[in-house]
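What follows is a single structure, written as structure tokens, with notes after it.
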Amino acid sequence: MERGAVVGAGLGAGARIRALLGCLVKVLLWVASVLLYFGSEQAARLLGSPCLRRLYHAWLAAVVIFGPLLQFHVNPRTIFASHGNFFNIKFVNSAWGWTCTFLGGFVLLVVFLATRRVAVTARHLSRLVVGAAVWRGAGRAFLLIEDLTGSCFEPLPQGLLLHELPDRRSCLAAGHQWRGYTVSSHTFLLTFCCLLMAEEAAVFAKYLAHGLPAGAPLRLVFLLNVLLLGLWNFLLVCTVIYFHQYTHKVVGAAVGTFAWYLTYGSWYHQPWSPGSPGHGLFPRSHSSRKHN
């Protein structure tokens, strides 16, 4: 009899624990949902503001121009000063891959949920194809500049011995070093990715304002893009502080900004282009149609 009472009490305690854990899980899910909704709304509002986007462009310019001055006020032995640090290897060297993965998912969801049209979705995704072509073309151009401006040197205990080898390939094959004007490809790529992601993510504010479907998966993908954008800004600051020569960084950032202007600031507004972010996704207001 007593044993049955003990077993019954144990089962009752187990049921209460399971009920308590169930309530706790529900509360945590509710809190996560509220944070997801609030965070995505506020981030969309900030990125959707034209004024803040102009300030953001000024911020990037200030980081590249004045950021190197911080090298005199930071610890030169920090992990971010090493070329082999985790973030440099896993993120900066693969920045375009990360950007395409996260931003591609966001563009895919936003465009398809807004239009339900595969052709329109593919057209907007083609901006990432253009971006990949810009990145590949810029990388080849930077290597060409280094080849045209470089010379072959052999390191010796007394210094550097100049060799008359005609190109990089023959110089490296001889075991020497080729030194030319090296545009910072990391600064170019991070600047271009920051401008590109800010432009693409700004569409979410208008998407929400039109009351289009915005479930938890889409909001989560959007916030992941915002976090990646923040990481690119942080790594850009680290790059301009610890790596490359000053003019190499400024030229790299200038080329990245110019590439953004040629695409997002100019070409994408033409009818024969992939289209600007948000183009054709939202119904035009009556006043806008009347004005046009």
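Cβ atoms are placed via backbone N, Cα and C, with glycine included.
Unlike curated entries, TrEMBL annotations are predicted automatically.
As given in TrEMBL:
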- 17-38: transmembrane segment (TRANSMEM)
- 58-75: transmembrane segment (TRANSMEM)
- 95-114: transmembrane segment (TRANSMEM)
- His186: active site (ACT_SITE)
- 188-208: transmembrane segment (TRANSMEM)
- 220-243: transmembrane segment (TRANSMEM)
- His244: active site (ACT_SITE)
- His248: site 'Important for catalytic activity' (SITE)
- 250-268: transmembrane segment (TRANSMEM)
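Under 8 Å, Cβ to Cβ, and six or more positions away along its own chain, His244 (active site) finds Thr182, Ser184, His186, Thr187, Gly252. Among the stretches 95-114, 188-208, 220-243, 250-268, the one making the largest number of Cβ pairs under 8 Å with the transmembrane segment (58-75) is 220-243.
Within 10 Å of the C-beta of His248 (site 'Important for catalytic activity') there are 19 other C-beta atoms, taking all protein chains into account. Remark: the transmembrane segment (220-243) makes no contact with the transmembrane segment (250-268), by the rule of 3 or more CB pairs under 8 A. Summarising the environment of His186 (active site), the number of other Cβ atoms within 10 Å of its Cβ, over all protein chains shown, is 21. For the transmembrane segment (95-114), same-chain residues at least 6 beyond its ends with a Cβ under 8 Å from one of its own Cβ atoms are 120-121, 124-125, 127-128, 131-132, 135, 186, 189-190, 193, 196-197, 200-201, 203-204, 207, 210, 212-213, 217-218, 221-222, 224-225, 228, 232, 235, 277, 281-282.
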